[in-house]
Amino acid sequence: MTKYIFVTGGVVSSLGKGITASSLGRLLKNRGLKVTMQKFDPYINIDPGTMSPYQHGEVYVTEDGTEADLDLGHYERIVDVRTSKYSNVTTGKIYQEVLEKERRGDYNGATVQVIPHITDMIKKKIMRAALTTDSDVIISEIGGTVGDMESTPFMEAIRQMRREVGEENVMYIHCTLVPLLHAAHEMKTKPTQHSVAELRSIGIQPNMLVLRAEQPIDQEHKNKISTFTDVPVDRIIESIDAPSLFDVPLAFQKQGMDQKVCDFLHIDSPKPEADMEAWKKLDDRAKNLKHHTKITLVGKYVELEDAYISVTDALQHAGYLYNTKIDVDKVQAEDITEDNIAKIMEGSDGLIVPGGFGTRGLEGMITAIKYARENDIPFLGICLGMQMASVEFARDILNLEDANTTEAEPHCKNNIIDIMADKRDEENIGGTLRLGLYPAALKKGTKTREAYGDQDVIQERHRHRFEFNNKYREAFEKAGMVFSGVSPDNHLVEIIELPKKKFFIAAQYHPEFLSRPQRPEGLFKSFIGAASGLPEQEF
């Protein structure tokens with residue numbers, strides 16, 4: 001029987017529910033259990049695909065082409081599992097499916113209401129994740145905080161789950177904040193008490209508390225919280241601010257969190273305890289890196305940390321392999337000119353230009369890429385970065401001064417980058433991109449193929465609607481550009497490289513989505529190797 005763990009939050013947002021859920025998932029997985037992660041978002045958008053990165057941060061893409069919350073990236077990187085369309089559900093998606101059923105007459109004329117129709121659809125999504133993955137444990141994170149109007153249907157649905165699948169198969173974990181008043185040097189438990197009271201008022205008694213705090217919580221405060229919340233003191237877990245993300249699962253294990261979860265849910269795991277030795281080595285390496293490598297990231301959304309979270313994480317993952325800390329210098333593409341690019345790139349060991357949409361900042365990206373190419377600075381382009389590298393090459397090497405992408409200039413004469421043929425007639429923006437996992441055949445003798453361990457074909461995740469225009473392929477090849485990765489039918493250009501450069505590779509896909517702390521993605525690994533000039537150092 002699948003076990004269901006629901007992670008909720010109270011007091012304030014951004015408490016680290018996703019990290020808590022991921023850390024627990026890692027511990028349970030390392031006990032030999034099959035774990036599936038799930039995130040419920042209470043916003044009315046169908047998915048985050050059309051949301052501004054400044055509003056939502058990065059849009060994560062799953063293998064099956066779902067545009068999802070960035071927390072799914074945390075799940076995949078920390079737990080090392082693959083997520084799917086069942087892993088991210090929004091209020092908008094729930095209402096859309098319910099209304100479609102109503103229009104088809106599936107409800108036989110019934111009055112469609114939040115209870116039972118919306119809550120039933122939410123429960124269906126939870127159980128569908130269990131059925132499609134055959135998992136031992138489903139960990140579902142509920143976005144927002146307890147008491148939010150938007151979260152009410154999700155809270156009601158998970159309350160009903162206890163009756164649907166049996167109390168012995170459901171566990172509620174509630175994350176709250178225990179603030180420290182610096183002036184009084186005193187921790188306050190009242191916010192936690194009120195948050196749990198709010199949760200209990202809708203019929204959910206938490207079975208475990210995870211307390212976010214700046215410093216360790218003494219036994220007296222834990223006893224007080226236990227008394228007021230009716231949660232046994234041994235199931236009150238501290239989540240202290242940590243210097244490294246990798247510390248969190250280890251801190252939870254030290255407090256016996258995974259064992260307490262297994263005991264509560266009567267789980268007999270294949271392994272008596274989580275084997276975290278490899279994780280400890282990773283944590284030790286991350287804290288004691290011996291070198292520094294500076295990478296300049298030129299992007300459109302650099303003001304928001306979360307906008308490129310998978311990219312910056314992938315850079316760090318590669319850095320661990322070379323025992324070097326990656327110092328990422330984020331530069332707003334709009335601010336770059338021919339006059340200041342040399343100053344911006346001063347002391348930089350490499351340039352990365354990640355994905356994005358729209359026309360803003362494109363000329364700055366092109367200027368940065370040109371500087372990297374002419375000065376043989378290792379360069380990695382991703383999605384839009386690959387497209388701008390192609391435009392730069394056409395302008396400066398092929399002397400096609402008006403070369404551009406039709407995203408920026410719809411009627412340009414030399415449309416090096418053009419909209420994909422099957423996307424021309426799409427009227428909607430949302431859900432109309434080339435999304436998900438696609439194969440790329442790698443050319444022998446290229447640095448790209450070497451980066452991927454001499455594989456013939458790789459599978460990578462995409463999110464774009466524009467592509468390289470094939471009518472320019474011959475001219476590019478004659479000028480020295482190598483198309484080192486193409487679709488198996490040779491129709492779509494997936495990877496370009498300049499073989500005479502130290503490292504100049506750009507991919508149409510998003511390699512950052514497949515990077516893991518203990519398994520850096522191939523292009524990132526080779527890019528940091530070239531930028532740092534260091535040998536690999538296994539750990």
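Cβ atoms here come from the backbone N, Cα and C positions, even for glycine.
Of the listed candidates (Lys39, Lys222, Lys224), Swiss-Prot assigns Lys224 to the same CTP site as Ser13, Asp148, Met149, Glu150, Lys188, Thr189, Lys190, Pro191, Thr192, Gln193. When Swiss-Prot records Tyr54, Leu384, Gly385, Met386, Gln387, Glu407, Arg465 as binding L-glutamine, the matching candidate from Gly32, Gly356, Gly361, Gly364 it lists for that site is Gly356.
Binding site for ATP per Swiss-Prot: Ser14, Leu15, Gly16, Lys17, Gly18, Ile19, plus Asp71 from the candidate set Asp64, Asp69, Asp71, Asp80. Comparing the recorded positions Lys190, His510 by how many other C-beta atoms lie within 10 angstroms of each C-beta, the top residue is His510. In this structure, Glu512 (active site) is part of a helix by DSSP. The Cβ of Arg465 has fewer other Cβ atoms within 10 Å than any other of the binding-site residues Gly18, Asp71, Gly356, Arg465. Of all the binding-site residues listed (Gly16, Pro191), Gly16 sits in the most crowded Cβ setting, with the most other Cβ atoms within 10 Å.
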